[in-house]
Structures are given as structure tokens and as C-alpha cells.
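Copied over from TrEMBL, here are the features:
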BINDING   GLY201, GLU202, THR203, GLY204, SER205, GLY206, LYS207, SER208  ATP binding site
DOMAIN    183-369  domain 'FtsK'
Amino acid sequence: MCEVSCMGRTKNMFDLIQGTTNEKDKFKNSLLTTGLSSISLAFLFKALGTLPLGVNTIPYQIALMIGGATSIGTHYYHTDKKWDTLFNNCNLKKGEMLPQLREKKKTKYGYCLRFSLPLGLSENDFQKNKKAIEQYLDRRVNIKYKHKNIIIEVIEKELESFDYEVVKCDGNIEFPVGYKYNNKIVKVDLSYGSPHMLIAGETGSGKSTTLRGILTNLMLTKNRSQLKLHLIDLKNGAEFNIFKNCKLVDSFSRNKTQSYKVLEKMSAEVYRRYDLFFQNNVVDIKEYNQKFKKKRLDYQVIIIDEFADLSGEKDSIEILISLAQKARACGIHLIVATQRPSATIITGDLKANIPVVLGLKTMNEVNSRIIIDHSGLESLKGKGHGILRYNGQEIELQSMYLGAQKARNLIKHTYRKENKGIDKNFVRTVNKRDIGEVESFEFFSQLGGK
């Protein structure tokens, strides 16, 4: 998650010096400072050529260069030895060959280390030892592979908290998820490569406010001709109630029976769209919409809060997994959320077909592994602090806080006027294609019509 590349050149030689926390580090960094200063002074003497009274500077240059090189070498010897011990203990080596520290650079949130890799070591080997590296440094770290090097980003500052603000999103199903350490926004677009999303974390992890922020941003940045939402709130509608009358909302379900009807209807829509693609010789919704610009298909997203309540409903789960497997190319997408992550709820079939995962704080390491396949979520702070797995990367972020009343104020202008004040368990807007044509009007005369 390092925006400042460790591969680039430092702005000046003193950028290599990182802040110290103990006497040993201060001593080692003083060696580096002394070495760099000596070499700088040697170059100064070289530029001067001779000192006053005709004193030759060459002997001084040589002495300063040797002394400087020795100090720097001693610094890096001790630094490398420290890492050698860790890598040996973690078996991060091939034969006798260990990763070598090549660069150390300050970042806005800590510092960044670049190690060259012996042939045969992989990023996965480092990820397996992430906890040991974090305990050794007493800091959170991010690990990634880049250009035959392992980058270890060491986090020394806390993520900031952010109140919700509307974020411009141009993608068909693009929305903000949160902010990284460099205060840059992280967005996800389900219509581009990664079609479905799982949000999971324990009570107090920030799941509800994260979902509220995603929905609010969609309501404020999309229109009904491009996107329709199907909200399934299995907490009897309490969480999604503020959104049920929004123009983007095509259906609103409060219980398992209503949920099954929506899932069944969406499954039928998937098959209808694939038949349409077959008849028109196109492979997906993007190609269809390019070919038929006046008859474009909309994108539709099914958003399920407390997915765990469906876990015992075999028919609903089968449809849901089928949608996750088949719906990606036809513009039907899923966002499922739960605060009860377990292997019986987040099954292998479901995980295999949901590529975008936002893991929030969990109770223990076991639940973290269920969500993101490794530990780490149990160490998060809660309240929207999460790890996002998206496009092959893991990004630590902080979601924006959005209270229910602020959300109401932001979206109230998107409510359907005709539904204002009407409490319906199931809101459905009828499309023209759902209305059947009457082939005969004979029944009308029997009713006394003319």
C-alpha cells in the first residue's frame, strides 16, 4: 500500500536515515550519519583542490572516503545481521542464501524496506511469516512483491478517522470504501473485473456504517437508467429502511420469504439476459450495450445485510451461489455482509466466487482466516478499520463514518414522491417488459363494457 516506491532514487543521501527508538539504533544511525558526512566533506575538499598556504587536500580526501565508507559499511553490517537472524529463524532462505536489504526509505506513514530475493523464495513465504516480522519490529507491516524484490512497508502512524463525504465515481458500479494511510481514497468498481463483494466483521467492526456509506454514495452518484438495487435486510428491514424509497431501489425485502422471491426473480433475469446475448451474438453486457446503445441493459446489484440468516435456507443459498458463479458477465452483482463469520456461513463455494473482500475486525484469528485466509483482522481497531482484498492486492484502510440521520439528510431528495410516507414491506417498480399484453378483449363485453 506504499504510494512512494522503494525502487526509486532518494532525493538526497540523508533520506536513508530513519527515526530511531533506542540507543542501539541511535548508535547505528550515527555511524551512517558520520559516514555520509565524511564522504560529503571529501567531495568538498576535492572541489577546493588545495587549502590556504598550498596544503594538498588529496590525503584528507582519501582518509575521509575510507573513514566514511567504513562507517557506512559498519552500519549496514549491523542492520543486515539483524535481518539475517530473523530470516534464519523464519527459514526465509534458500540454502545459505538470505534476502539482502537493498534500500530503506522514509514514507508518510513510516518507512519502507526493499530486499532482493534468492531464487526460489516467494512473496507467499514472507506472508506466512508476516506475524513474526510484525512482532520483531513491533509495528504493523504490509508485504508485497515488486520487480524481483520484496517490499516491506512498516506502519508507524495510525489511520486517521474520516467523516463521510460524497465521492465522485464514474464506473458503472463504483463506490468508495475508505482511505489509505496516505489519505488517498480507495474505490471499488464491481462492473470491472471483480463482480461481487463480501463485507465481514464482528459487532462493532463498522460493517453497518460502511454499508451505509456505500449505499449513500451509489444513491447520490448513479441514476436509475444505469443502476438498480435490490436490498435484502434480514434484520427485519431496520438497517436499510432509510433507503427503501430511493429511486435506485427496485426491491426491498425484510424476511427470508421475500428474499427468496427476489433471488429467484434475479436468477430468471440472468438466464433472460444470456438468451439475449446468444440471440445477438455478444458475450457480455458491455458488448451488448455497445451494440445496442438505445436498448442498453442496466446494471443490478443485490445487497444482503446479515447474510448469515440465509445460511439455513438451502434453496436461497443455492440460487445465491449460482448467481455468484454465472451473473458476472450479464450485469448482475452481489454485495453480501455478515457480522457472524464462520466456515458454515462463508463457505468455500461462496468465497471462491466472491473476489472482493472487506475484512473488518474479528473476535479471533480463526475468523480472520475464514475471511481473508490469514490472521490480522483480530488486531484491527474496529469502527471501520479494515483490510480490503481487491485486484490481487490487500489494502489496509479506514472507512468513512456516516450516521443514519446524516444519510437521511443526504438522500432525501432521491426518494420517490409517490412513496413518501408509505410503509411497504416490499417495494417494487414495475418495468414495461414485465407487463403482459392482452390478446383478447371478449371478457370485457361480459362485464358490460362497450
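A Cβ is built for glycine as well, from the same backbone N, Cα and C atoms used for every other residue.
Where the annotation comes from TrEMBL, it is an automatic prediction and has not been curated.
If you count neighbouring Cβ atoms within 10 Å for each of the binding-site residues THR203, SER205, SER208, the highest count belongs to SER205. Within 8 A of the CB centroid of the ATP site residues GLY201, GLU202, THR203, GLY204, SER205, GLY206, LYS207, SER208, the other residues of that chain are GLN339, LEU360, LYS361, GLY382.
The C-beta environment of GLY206 (ATP binding site), restricted to residues of the same chain at least 6 apart in sequence and closer than 8 Å, consists of LEU360, LYS361, GLY382, LYS383, GLY384, HIS385, GLY386, SER399. Within the group of binding-site residues (GLY201, GLY204), the Cβ with the highest number of other Cβ atoms inside 10 Å belongs to GLY201. Between the binding-site residues GLU202, LYS207, the minimum number of other C-beta atoms within 10 Å of a residue's C-beta occurs at GLU202.
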